[in-house]
Amino acid sequence: MPPYRSRTTTHGRNMAGARGLWRATGMKDEDFGKPIIAVVNSFTQFVPGHVHLKDLGQLVAREIESAGGVAKEFNTIAVDDGIAMGHDGMLYSLPSRELIADSVEYMVNAHCADAMVCISNCDKITPGMLMAALRLNIPVVFVSGGPMEAGKVVWEDSVKKLDLVDAMVAAADDHYTDEQVKAIERSACPTCGSCSGMFTANSMNCLTEALGLSLPGNGSTLATHADRKRLFVEAGHLIVDLARRYYEQDDESVLPRSIATFSAFENAMTLDIAMGGSTNTVLHLLAAAQEAEIDFTMADIDRLSRRVPVLCKVAPAVSSVHMEDVHHAGGIMGILGQLDNAGLLTTSIPTVHSETLAKALDHWDVTRTNSEMVHKFYSAAPGGVPTQVAFSQERRFDKVDTDREKGVIHSKEHAFSQDGGLAVLYGNLAEDGCIVKTAGVDDSILKFSGPARIFESQDSAVLGILNGKIKPGDIVLIRYEGPRGGPGMQEMLYPTSYLKSKGLGKACALITDGRFSGGSSGLSIGHVSPEAAEGGTIGLVREGDIIDIDIPNRKIHLAVDDATLAERRAEQDAAGWKPAEERKRKISTALKAYAAMATSAARGAVRKLPD
């Protein structure tokens, strides 16, 4: 049996000094020999998705100790992508994922913790902790802070649901008065929690359920609802049980790499495609798979995207549906249940809470079970009161939405589309692939052809859109915004939001080697690989070049002959692969270090040491 890692610091005469320090943290004689569980929190007052986490780490810690473990809490950083958006702060967002993963590794290995409970929530925090968990491969349970309630505003004599993107779009739309914009701003983000749509944060928290590393309801139970407290309480007890099973019973099946297998990654990606998750999830799943030493690639995502239908449409794809509505329809277990019915999942694999996913679905899918407890759990409703306090309300819907024909979650037979919600496109513009969230693309522009309007940065693209330089039929092309070129692979939420505000959301396309917020919609194609900074064809496109986009056939093509491209490549090799116009960006040493090691989006933008 593997020895408890913590005994490296708690046992033996030579560890008297270390034990003295442990005692100074509150440990007593009877604690030495118990599993030491790291409570990996991410509380910060900068981020609404994390502002309520301050006391939740200690809630988990108390449950760990009541179950016979020793809990030690520490914090990671957490960047709010919405606040960092639209300025140089966004350069730090993706690199923060690596810092989070490293900080968890540093703390857990330096102090020889035996297991972890990861309390995450927003965009890069869940992926960073997931990467660390698979890197360390010690028992882990994920429990996130939960989604915020959707905003609501009275608009033209009716109540309209809102989220962060609505505020951005309205602010750039001259049809809205200052007073109307202010009303939307004040109502868009009413509570603590991750932004209310199927954006990156919620997408990733949902995927932890499919990977088998979190409890049912983790992705959809509102941050404000009292039911969410149960997830934290159960996580504290569960992690002690998992630690004992591994260290005392030699049960390797509880380890994250035994749970998050290739099949689990397929399940997670299948879920992502079916629910129209954020394109950022592709980046993060690829990165996590590499940490787990799993050969899960863009080719696998492409394969899955061709057979998985869209079973759930959530904001930004449908403005009236938010995470509270997904939960009301049975949450992630409800979507997984329909995917299983369609034969699209591997359900023989384990989870942290169940012997197999199949058994979990039998208990937790509201269309399969008559359990009063399960139906009550998924009837949790928004409270409708602005608050930053977790578990502060107990409102419920009268009954759960089990309509799989016209409800929030559809069966395969009644799918929104038999073609998946995410697609990988290939062609001479993206030899290693690029990603589009098809769930947010209008059917009328699934095939699109137009002239490229070149911008060497997100900033110049924003100015071009706001100043009326983009016309219907144009393709906005933003380059040198990839992992190396940015550096940091900025999100392009402002350009997509501004196109929408100008009435161009269904009349233009946007292509970039950067990435998109989970709040982006429209014909937005990102993660173009190779990126411009590493010699990708996107760096050879010139103003007015025609680009053909064919989503049904998964193709993207720059209509320039090979000989001309070869000439341009020779010229660019001589000039250097850098933006044609100077950018006023302060690139710190930290960002330069990230850029020096960053790989392409097709590899998850993970770091790779130079040969």
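Please read every residue number as a count from 1 along the shown chain.
Heads up, the Cβ atoms here are built off N, Cα and C, so glycines get one too.
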Listed co-binder of Mg(2+) (same site as Asp81, Asp123, Lys124, source Swiss-Prot) among Glu491, Glu531, Glu534: Glu491
Extra residues within 8 Å (Cβ to Cβ centroid of Asp81, Asp123, Lys124, Glu491), Mg(2+): Val79, Ala84, Met90, Ser93, Leu94, Cys122, Thr200, Ala201, Asn280, Ser517
Other CB atoms, at most 10 A from the CB of Asp123 (Mg(2+) binding site): 34
Closest of Asp81, Cys122, Asp123, Lys124, Glu491 to Ser517 (active site, proton acceptor), Cα positions, binding-site residues only: Glu491
Lowest local Cβ density among Cys122, Cys195, which the record lists as binding-site residues, within 10 Å: Cys122
Rounded distance in angstrom between the Cα atoms of Glu491 (Mg(2+) binding site) and Cys122 ([2Fe-2S] cluster binding site): 14
Among Asp81, Glu491, the one of these binding-site residues whose Cβ has the fewest neighbouring Cβ atoms within 10 Å: Asp81
Same chain, 6+ residues apart, C-beta under 8 Å of the C-beta of Lys124 (Mg(2+) binding site), given in sequence order: Ala78, Val79, Asp81, Ser93, Leu94, Ser96, Arg97, Ile100
